[in-house]
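Here the structure is laid out as structure tokens; the discussion comes afterwards.
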Amino acid sequence: MGNMGLCGGTKLMGLHPCEIQKQKHKKRKWIYYLFAILTCSLFLFVLIALTVRRFFFKNRSAGAETAILMYSPTHHGTQTLTEREIEIATGGFDEANLLGKGSFGRVYKAIINDGKTVVAVKVLQEECIQGYRSFKRECQILSEIRHRNLVRMIGSTWNSGFKAIVLEYIGNGNLEQHLYPGGSNEGGSELKLRERMGIAIDILVLESSFQVTNQQDMLLPQLLFYEDLSGISPQIKIVIVGDSSLTMKKGVSFLVTVALMALASSLASAFDPRPLQDTCVAIDEPENAVFVNGKFCKNPNLTVAEDFLYQGLNIPGNTSNYVGSIVNLINVDQLPGENTLGVSLSRIDYEPNGQNPPHFHPRASEIFIVLKGKLLVGFITSNPEHRFISKVLNKGDVFVFPFSLIHFQVNIGHTNAVAIAAFNSQNPGLVTIASSMFGSNPPINPDFLARAFQLDKRVAEYLEARF
């Protein structure tokens, strides 16, 4: 049976553990439990500390950022207006003067400087960090960037309870007419156009979600982000200042800074405007620069009927010259009211067998109307076909010469002929082929001309002497 009082030993001996061994085992077990509890507690403490620190410093940072954004912007234009002055200028922020609205504010038409200056005032209404940031960014952009498509910043008002930006106002047309040619938009979209949208509203900073209710409602947000508007309206120009990406889905937020200036002129388009002069060399010294693509505008209050009138187009021109024709061009130099309108015309008189020799207009297409006589007209298409397209015209016939293609007219009748040519440019320009090549100043090397026109050099020299 053995000694029942024995304990301890190895497991092979089959003895039960002694009391002291049991106590050591229990003690070791409690140490393990205590270590696990302390480890978990420490982990939880670190996690809570990190969470508190994150939110604490985040709120502190947001508060500091808000405080910084609340400071008056360093870019504030040339005028500083009070809240009361802006309130009076907008008629007490009358809805009748509302031009448009965005997520953070509204734009009003206002009159300042004792009724002498019409401006657009954008008033911040959404008191939030993003609103402050967008307003300050607009001040910076409009103060530092000069571009023909950007409205000018005139001034600002910035205090704890009221913030506004005063911008140049250009009211030359109505955007709604282009977006909804069939009538006013009656939809309930958040981006619904307001009556008398005015135009050149200012820089619109949009950060909101909108809901598309119909196809017309989609058109305005799409319009704001188009960089090529040639297919929408020939009178809208925009400049993308920030991120121009936009997902057209319900409830999608977007942040885009868009400089919108509409109706710069009746022929303005989204691409670069056609030049109205032969050359335009970039220059860094403004005092030595010249004005291009039009002429300076007369004060509208000083315009008179004579600015838009030309008399004498009924008087025949003198055709006693080597080509037997004379062109009386009525462009912006003869009729100042044409400036920026993109139109001009000319009267051409022909004696029998007289001609308007081969030429082209580098800046215009031409529509040609015969008033008297019988004319052979034609033009040549571009390389490589060089197709000759011609027609005999009689009184009352109309013919079109495409943009910048070589064309001519010859009087094949037995009496004098008269025609009117209209152009889609206030300064279409004229390049007569023969006189340009053989009458250049200084003369072109006759060896080159002989080879280019497959002539004998003596013939090239003779032609240069003639011109």
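Heads up, the Cβ atoms here are built off N, Cα and C, so glycines get one too.
Quantities reported herein were computed from a predicted structural model and do not represent experimental measurements.
Pulled from TrEMBL, these are the features on record:
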BINDING   Lys122  ATP binding site
BINDING   Asn356, His361, Glu366  oxalate binding site
BINDING   His359, His361, Glu366, His407  Mn(2+) binding site
DISULFID  Cys280-Cys297  disulfide bond
DOMAIN    93-400  domain 'Protein kinase'
TRANSMEM  30-52  transmembrane segment
DSSP-derived structure type at His361 (oxalate binding site), helix or strand or else coil: coil
Integer average pLDDT (0 to 100) for the domain 'Protein kinase' (93-400): 68
Listed recorded positions Lys122, Cys297, Asn356, His361, filtered to Cα within 10 Å of His407 (Mn(2+) binding site): Asn356, His361
Residue pair Lys122 (ATP binding site), Asn356 (oxalate binding site) - Cα distance, angstrom, rounded: 56
Protein Cβ atoms within 10 Å of His361 (oxalate binding site), excluding its own: 21
Distance [Cα-Cα, Å, rounded] between Glu366 (oxalate binding site) and Cys297 (disulfide bond): 26
Nonlocal residues around Cys297 (disulfide bond), in sequence order (Cβ under 8 Å, 6 or more apart): Asn339, Thr340
Proximal but sequence-remote residues of the same chain as Asn356 (oxalate binding site) (Cβ under 8 Å, at least 6 apart): Val323, Ser325, Val327, Ile348, Tyr350, Phe408, Gln409, Val410
Oxalate site, defined by Asn356, His361, Glu366: further same-chain residues with Cβ within 8 Å of the Cβ centre: Ser346, His359, Phe360, Phe368, Phe401, His407, Ala421, Phe423, Pro428, Leu430
Residues near His359 (Mn(2+) binding site) in space but at least six apart in sequence (CB under 8 A): Ile406, His407, Phe408, Leu430, Val431, Thr432, Ile433
Cβ-Cβ neighbours of Lys122 (ATP binding site) (radius 10 Å): 27
Cβ within 8 Å of the mean position of the Cβ atoms of His359, His361, Glu366, His407: remaining residues of the chain near Mn(2+): Phe360, Ala364, Phe379, Phe401, Leu405, Ile406, Ala421, Pro428, Leu430
The residue listed as 'ATP binding site' in three-state DSSP notation: strand
